[in-house]
Amino acid sequence: MLLLLLLLPMCWAVEVRRPRGVSLTNHHFYDESKPFTCLDGSASIPFDQVNDDYCDCKDGSDEPGTAACPNGSFHCTNTGYKALYISSRWVNDGVCDCCDGTDEYNSGIVCENTCKEKGRKERETLQQMAEVTREGFRLKKILIEDWKKAREEKQKKLIELQAGKKSLEDQVEVLRTLKEEAEKPEEAAKDQHRRLWEEQQAISKEQRERELAASAFQELDDDMDGAVSVAELQTHPELDTDGDGALSEGEAQTLLGGDAQMDAAFFYDRVWAAIRDKYRSEVLPTEYPPSPPAPDVMEPKEEQPPMPSPPTEEEDEDEEDEETEEDEDEEDEDSQGEQPKDAPPPAPAPQTASPTEEDRMPPYDEQTQAFINAAQEARNKFEEAERSLKDMEESIRNLEQEISFDFGPNGEFAYLYSQCYELTTNEYVYRLCPFKLVSQKPKLGGSPTSLGTWGSWAGPDHDKFSAMKYEQGTGCWQGPNRSTTVRLLCGKETVVTSTTEPSRCEYLMELMTPAACPEPPPEYPVEGDHDEL
């Protein structure tokens, strides 16, 4: 259309007599047979005062062809190019402002008429733009047809998935029931296996405790009369109960339940549990009789002298606030080393049996393992079906979203939905994924920064689909969240052409796409080369 408008003046323009600097559209105001009325109506003057180099009208309309009025306008006819208004102050200023040179009629300089050359270049540009529009619109129609077909296919696929979903849901429920049925004997067999193992552990532990108690009884029974007396018990001051470092006769008698002595059976039942953790053997632990192999059986702990009560949490916090970590470590070591004045030297650290295979639960028997394998197979089938159902539900959601999305009046922008486009500048790589997000990352590497996620179409009311808005990107330091407006321009290819930041944290991106090409106007043939000017 612009090309036609440019060509029409060349074909049909006729010379109309008018004062210098007056346009064809205003020539009827300048009738030399009548007085001239200022265009703003401020005054009327004789016509011979028009262009007399003296400003009579407030709006400068009486001096369109001179520089007398600072607010006047001079019209450049520019035949062969585009007409132009310039300020009257530029008339005869020694600078060629009109391509036809008519503004310098009395300045003494000669202006070359460049209008035809400019018109030729302008027409070439307009022709190229028209070609881009025609080709882009042709591609746009293909995109529209492609989306119609793709949309129909997606709708069919959606119907198939929705039908398949019901079948898969039923399958999942069947497999869930089979899994639960298979897990019942599995759990029962595993519980029985664990219970038998724990019972064996308890028996082994009881046996070991009796052996330890018997060994301690033999050590305490100095006269080997088959009983432990108060005096024999007093030979072990570590059994002190009042913290004075010695086991008094009364304390020993209390430990023996008020009796003067006690045989081995009563010693295990009544005394051993009370002294077990304090008692220190008089022989090395290696001289104990070896324990029978049993799971989860540990060597008895050797007795240690009484330790001071550990500090409370509040005391610990106070110490942390007042002292350094190194001081606390030293205090802990000191507190562990404190002993009553009359206490015997500290005993070696208690030794425990090293972990062995017997300490671990034994492998499942063949029948239990068979139950486990069957249940695991049922679980695997159920989980696989459940994953398939979740994948199908995700596919259904994606299809529903894509089918219902607003891709333009005829779906011409749908092809952008699954694409991303990049623009590399000196500092950043900008990435646009239409209908999803915009981001930037440093060219030399680094994490991407979100410039916004899809918000809405953002063009004016008469051209809604000419711009996109992406919002709620990464927040700027002490500023708003980043956002991006994407202007859609007509082009034969889809490419990001520019990215700028006109306002802080607000970006402007331009995307060329055939989908933005308008329908070109019909082409009217131009008959011959009738340039009457």
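Just so it is clear, glycine is given a Cβ too, placed from its N, Cα and C backbone atoms.
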Kindly point out the range from 50-53, 134-137, 386-389, 530-533 that Swiss-Prot annotates with motif 'Prevents secretion from ER'.
530-533
Considering the candidates Cys505, Cys517, which is the cysteine that Swiss-Prot reports in a disulfide bond with Cys476?
Cys505
Using C-alpha atoms, which one of the recorded positions Asp52, Asn71, Ser88, Ser167 comes nearest to Ser439 (phosphoserine)?
Ser167
Segment confidence, the domain 'MRH' (418-519), expressed as mean pLDDT:
94
Validating a neighbour-count step here. Other CB atoms within 10 A of the CB of Asp48 (substrate binding site): how many?
10
Please list residues from the chain of Asn481 (N-linked glycosylation site) whose Cβ is under 8 angstroms from its Cβ, counting only those at least six apart in sequence.
Gly452, Glu471, Gln472, Gly473, Thr474, Gly475, Cys505
Please report the distance from the Cα of Ser88 (phosphoserine) to the Cα of Ser388 (phosphoserine), rounded to the nearest angstrom.
78
